[in-house]
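Here is what TrEMBL says about this protein:
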- Lys102: active site, proton donor (ACT_SITE)
- Lys66, Lys90, Ser344: substrate binding site (BINDING)
- Thr185, Asn216: NAD(+) binding site (BINDING)
- Asp142: site 'Important for catalysis' (SITE)
Amino acid sequence: MNALAATSRNFKQAAKLLGLDSKLEKSLLIPFREIKVECTIPKDDGTLASYVGFRVQHDNARGPMKGGIRYHHEVDPDEVNALAQLMTWKTAVANIPYGGAKGGIGCSPGDLSISELERLTRVFTQKIHDLIGIHTDVPAPDMGTNSQTMAWILDEYSKFHGYSPAVVTGKPVDLGGSLGRDAATGRGVLFATEALLAEHGKGIAGQRFVIQGFGNVGSWAAQLISEAGGKVIAISDVTGAIKNVNGLDIAKLVKHSAENRGIKGFNGGDAIDPNSLLTEECDVLVPAALGGVINKDNANDIKAKYIIEAANHPTDPEADEILSKKGVLILPDILANSGGVTVSYFEWVQNIQGFMWDEEKVNAELRTYMTRAFGDVKQMCQSHNCDLRMGAFTLGVNRVARATVLRGWEA
């Protein structure tokens, strides 16, 4: 099931549980605005190349729209739509004053030089500058983009609107980026896991973790979990998978991965088949890579008691049903990986105030938000007698629906 179908299905189920008016339900699903622009740039060899850039702005009932910009060769409009919609519910669950958006450019960033990427980013910004803004739509980095991309967008936007650091988040710290932003999603995963385990009288310490993915989210989650006393016994990335039942030395693995562009060949553990990683014996499974990795084919073999969705929709709806019958608890992506957008919000707040926080304050505030969000989701689970995923969806959808009605959506 693709991203859009899964998200729409979850939304419809939540709307049914909440007893939403059918006209309101339809209105909440339709994006506020979809933008498609042509971006033509001179390549380094003097030839012209054209790319399609786009932005889906889903909902702004609770505040400016927020979401990543990805540079990827197959940018599927359906997926972008789903991710924009997912951001609407995610920001509502985290209780930060934003709506959802997503966008990008259909290109292969690896095939473009730095100066070509800069020209492409600037042309894209020129085409959408009057449709984004501090109080309209605030982009952030995503697949194939980074803090440098945000710096170019900021500079180009500022040529039209004056210096506006709050127009994008995920910026370099030297240009108004927030401390703690880099580790934010991984740290949020830690805080959310702590809240879930505490609910069952457990802590991070002594639990066995398996983590799929060792990019920004996976590597930070692994570091922070092992610092908190958790035992990370197996990890995979695109190059391979390794296991050590006594716990991997994460600090050494991070160093190895940086030097060798991947975890392959790390001598602090045994190489295993990456396909068997998800079914390893453990207490907590953390998929932090791609979507759709837990499906009806492998769900029966999963041995973890808890699954923390650090990636976006790693679990297929069919797998959801199998796992809930087995009594496996799944902490859904719209709660588990919302640490990134929460610290993006802190960055935006700091930029608007013109007053920057130290890292302790960022991390303490993040803990407060993540813990409160988990409590709010649990409350919805109790009042609607549903699992954590539906608890999160009903919470998010309800907040957006209430804001929409209060603003007078029928007028």
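Every residue, even glycine, has its Cβ placed from backbone N, Cα and C.
TrEMBL: automatically predicted annotations, no manual curation.
The structure displayed is predicted, hence computed values, not measured ones.
Recorded features from TrEMBL, shown on the structure.
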| residue | record | contacts (Cβ under 8 Å, 6+ apart) |
| --- | --- | --- |
| Lys66 | substrate binding site | Met87, Thr91, Tyr98, Gly99, Gly100, Ala101, Asp137, Val138, Ala140, Thr169, Val341, Ser344, Tyr345 |
| Lys90 | substrate binding site | Gly100, Asp333, Ile334, Ser338, Val341, Gly396 |
| Lys102 | active site, proton donor | Arg55, Val56, His58, Gly67, Gly68, Ile69, Arg70, Val80, Asn81, Leu83, Ala84, Met87, Asp142 |
| Thr185 | NAD(+) binding site | Asn216, Val217, Trp220, Ala310, Asn337, Gly339, Gly340 |
Cβ-Cβ neighbours of Asp142 (site 'Important for catalysis') (radius 10 Å): 19
Please give the greatest C-alpha separation between any two of the substrate-binding residues Lys66, Lys90, Ser344, in angstrom, as a whole number. 13
Based on Cβ atoms within 10 Å, give me the single least packed residue among the binding-site residues Asn216, Ser344. Asn216
